Number of protein chains: 2
Amino acid sequence: MADINSKLEIPLPGGHFDVTTGPIRGSKKIHVGPLGVAMREIHLEPGSGEAPVRVYDTSGPYTDPDVTIDIAAGLAVKRRDWILARGDVEDYAGRAVKPEDNGQLGPDRSGGVPAFPNVARRPLRAKAGMNVSQMHYARRGIITPEMEYVAERENLGRAMLKEYARDGQDWGAAIPDYVTPEFVREEVARGRAIIPSNINHPESEPMAIGRNFLVKINANIGNSAVASDVASEVDKMVWSIRWGADTVMDLSTGRNIHDTREWIIRNSPVPIGTVPIYQALEKVGGIAEDLTWEVFRDTLIEQAEQGVDYFTIHAGVRLPFVPLAAKRVTGIVSRGGSIMAKWCLAHHKESFLYERFDEITEIMKAYDVAYSLGDGLRPGSIADANDEAQFAELYTLGELTKRAWAQDVQVMIEGPGHVPMHKVKENMDKQLEACGEAPFYTLGPLVTDIAPGYDHITSGIGAAMIGWYGTAMLCYVTPKEHLGLPDRDDVKVGVVTYKLAAHAADLAKGHPAAKVRDDALSRARFEFRWRDQFNLSLDPDTAEQYHDQTLPAEGAKSAHFCSMCGPKFCSMKISQEVRDFAAKQNQPSTGFIAAGEAGKLAISEAEAGMVRMSKVFKETGSELYMGAGNREHD
Amino acid sequence: MADINSKLEIPLPGGHFDVTTGPIRGSKKIHVGPLGVAMREIHLEPGSGEAPVRVYDTSGPYTDPDVTIDIAAGLAVKRRDWILARGDVEDYAGRAVKPEDNGQLGPDRSGGVPAFPNVARRPLRAKAGMNVSQMHYARRGIITPEMEYVAERENLGRAMLKEYARDGQDWGAAIPDYVTPEFVREEVARGRAIIPSNINHPESEPMAIGRNFLVKINANIGNSAVASDVASEVDKMVWSIRWGADTVMDLSTGRNIHDTREWIIRNSPVPIGTVPIYQALEKVGGIAEDLTWEVFRDTLIEQAEQGVDYFTIHAGVRLPFVPLAAKRVTGIVSRGGSIMAKWCLAHHKESFLYERFDEITEIMKAYDVAYSLGDGLRPGSIADANDEAQFAELYTLGELTKRAWAQDVQVMIEGPGHVPMHKVKENMDKQLEACGEAPFYTLGPLVTDIAPGYDHITSGIGAAMIGWYGTAMLCYVTPKEHLGLPDRDDVKVGVVTYKLAAHAADLAKGHPAAKVRDDALSRARFEFRWRDQFNLSLDPDTAEQYHDQTLPAEGAKSAHFCSMCGPKFCSMKISQEVRDFAAKQNQPSTGFIAAGEAGKLAISEAEAGMVRMSKVFKETGSELYMGAGNREHD
């Protein structure tokens, strides 16, 4: 079988771009409804009698064989017509790119990153006095195409599942059986969900972040001053959405920030987030004290014009909170938070992000950039979890949420960090209380500090739990966290780990359609449909590869046993016999006593039927092949 | 630096054994107290002013440079003197090894595994009328050396921590500040903890499994009929305990079961568990219906004489429960459970394991083999979690627990499996209720079915949660679960994943000393003591390797920045400045307003001090080097 994850190579002056294209193994891209909402469908073995399973698809046109990808041109701008049709935007000359946007200060700081060749468009912004945020439309009762798209996308196969029993503990969420465009509008209007959708990022496929929708995940990429280049960052973006990243944050620092971001946004079908203070700091030569409102404001405009969908703004790091971090084991671990803390201390002034918050909001609403209110004082160790600094900031973020909402600007709230399991729920409860159910967006949290190299897992535990409790988006952590920059493999492991955590949360919350995929995979497993089992998994390639390490022959793909138990110990096979036997009885209670919940049995009553039943079993299942199955250890 | 994980190669007739020896990076083996309890101590940088950190050590003599390892001779039999000193055992001729013990039935089934060369000892058993179980001693008020060893081992550095604040939610556990031998005796006497310690496994270092002790983990190894060999299984055992496995289960099937087990036990410092029904099935040519009590009993004796410390016995798979599995999505996924189900159906008789349970118990107490009551009806999919079949069996296991306890035999209870997060706690609650707080020993549980290839993580989430709720031992799951046999790398990943889950549970429960290691590592991280950070981690080799992929130079190990942020964005460095600044004020409230929990601030009052404080900051921290630190994404 040809490698389905084919690489598309794009030689360009100054760079050589490879991105992964082609369908995900076993999946077919489909487009649903009048808006052509992209999904993927996993088709199962024809003989299985199973319907195709529809899954949420973040991978964009890269997995669509009908689309020709041209990295140098960028993706199609499907959403642009919707934006223009609303009649509330204007195009304008836009801000000229300056050398310092790419960190070109002083001698020998020139590029290395080719400029994106297709920056032809004049940027859009709201006409004077207008507000183009999805929240603004929602509050005026307008259902936008973006909201319709989200409704279709979130439902997946839900319409087919009317009789599927709801089963979950949703901790007070309000998850509907079926998502209507009106439901999406209501959720956005009340601030309980956001649809990050900068009008200058018309390439994006609309998606919602909110506790009554499927739990989302974010992947971080970005150059650093020490390592990496733009081609590998574009590749990481495409690679991360292939495996399920719902949004991507470009956390580049150092040089070439502007150009790197342009390449990423123009080729991204998912919302892009940034932390503008990083670039602002580069513009002042890395000296935190030299930051000014003017430089920061200029950076917001620059990035809003490029199409960044949400900004992390650390406006909750207020001067009075800074000393609270002094007694911590790990102080301030947020870069943005520490930059602002240093600025506050140096000037002994209140943060300009806090003081100018309403002015920032004015910019956000002109482009529909959503706030991701940064938790600059999140705990960086178990010792610092849930402390005074953290919660002082959280309540400030709640105050700022209301100020942003007063201007109809979309908001989500960033959360920790490092938190032991017994303190995770308090984070969610306090966030819901302080921030009026604005979507919570957490980094993990890591539930122990002692496993560097495995922090995708320490954080995946906390992420699954807090996702269950109500967090709307989980920011991934890769195995390299605390140690180095993630490479391509790390990005994939991080994304898949967070997809499984998010899905576990959806299951536990009782999302109506979440269990469909688990059940389909489990049936495939029980029936030894190996290909279906691989294709239904979050990472079909790895599943197949692991299987083949022990039983590589193609014939083993249809074998009714596996390498764990070999051809003699198959619990699955025996189970099938049990099932067949019971089915043939028609009266399964004959001869058996139903087991009460307490397991209290009147066995003696059963004995009468035993000899007869033994005879029946031998007749129906005589000389049963004792195959082998999915070993679960004993 | 030489590879510290050096391989010891042992050529033998018929086999070539490699095991990994040498100290774990950065650690020193120590022996504490009159019994010489093995621990390891991590020594930190001399300049740090930090005390060495003591950690629980399962690795046995393999990491002790003072011990010469001889796989062909086996480990020293330190515990034998304690056993003989009690005066209640006798040695005897023992059962002769038969060809069928190694699956040598019919033509061409001869070995491939060399016999262990040092099976010289006559086995021990209790003298007639005696009971040699640790529970029996405990109930008679006797504190054994095994109990003393456990007390010392569990405390680690707890004595040094008198003033350490307890912080956790223990869900009704009763974790003492300090573990005394008397506390261990009480826990064993009431059945709340077990010390698996077959008198024929005197090589073992005593350990306890119970909800008031540190959470333990088990690693599974074993040949299968399809793949693997004895040398690699011995290597996996040594490798798994190196990274923290507290017990090891030998789940070999197919041929050479007896000889493989002998090699493993003779070289294992941790308790070894098995599922005797596997070997019994081999003895009857793989035909479940042909199993008899006599064959099974013979197998128990065989394995008890070899020194197996606990037996998984699926005595809860009763005839009336079998039809309950028929309606499941994945039926019966336990191999032992399915074998017994098939036997029950074929004969239409109650399970002989259930009917002969008291006779089995007689054998257990003659060697001090502990029960691990198997959950043959555990759910194998999210769809089947917490169903009638599962709980019917669990309540039967509760009944059997009391029957075993009536003979003073140690018991733990096996648990699921596949369980969505919102149903995990019910498993723990019902187990505590049904089984009188006998230790719970769970496989994960996996919190979703859709991530084959990543089931160490899906199960690590469930394991951390159920460990927090009260599970005493977590059975690891490797990345190969459902797909193939784990290799060496998979074993390590599985063990480390479960160690971090168990530790996260200890933290959340509020074990007095658990947080010491997190705090030490976090301080090292904050202070850029890279070597200390690596050495304090669960897997120092991987941590260092990941770090070196981006910044390989030796100088970077002491650099005050890392590759994530580069030399300009260091949040840790800025935090240090904040701390220094606060310290120099002596009156940290001057000019700052303490942030109340609700973050309500009277900022105006602070303004008076601002200009003055700004001046102070510039005086004390002028031209601060803006280093770089541990990036946590923004």
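The backbone N, Cα and C atoms fix where each Cβ goes, glycine too.
Per TrEMBL, domain 'ThiC-associated' is recorded for A:27-90.
Per TrEMBL, the feature region 'Disordered' maps to A:97-117.
The Cβ of A:Tyr278 (substrate binding site) lies under 8 Å from the Cβ of A:Leu251, A:Ser252, A:Thr253, A:Ile257, A:Arg335, A:Gly336, each of these being in the same chain and 6 or more residues away along the sequence. Under the heading substrate binding site, TrEMBL lists A:Asn220, A:Met249, A:Tyr278, A:His314, A:Ser334, A:Arg335, A:Gly336, A:Asp375, A:Gly376, A:Leu377, A:Arg378, A:Glu414, A:Tyr441.
Annotation source TrEMBL lists Zn(2+) binding site at A:His418, A:His482. Long-range Cβ proximity for A:His482 (Zn(2+) binding site), meaning a same-chain Cβ under 8 A and a gap of 6 or more residues, is found for A:Pro452, A:Asp455.
Per TrEMBL, [4Fe-4S] cluster binding site is recorded for A:Cys562, A:Cys565, A:Cys570.
Within the group of binding-site residues (A:Asn220, A:Gly376, A:Arg378, A:His418, A:Tyr441), the Cβ with the highest number of other Cβ atoms inside 10 Å belongs to A:Gly376. Pairwise Cα distances among A:Asn220, A:Met249, A:Tyr278, A:His314, A:Ser334, A:Arg335, A:Gly336, A:Asp375, A:Gly376, A:Leu377, A:Arg378, A:Glu414, A:Tyr441, which the record gives as the binders of substrate, peak at 20 Å. Within 10 Å of the Cα of A:His418 (Zn(2+) binding site), the following binding-site residues from the list A:Asn220, A:Ser334, A:Gly376, A:Arg378, A:Tyr441 place their own Cα: A:Arg378. Across all of the domain 'ThiC-associated' (A:27-90), the predicted model scores a mean pLDDT of 95. Under the DSSP three-state reduction, A:Tyr278 (substrate binding site) is assigned to helix. DSSP assigns A:Gly336 (substrate binding site) to a helix.
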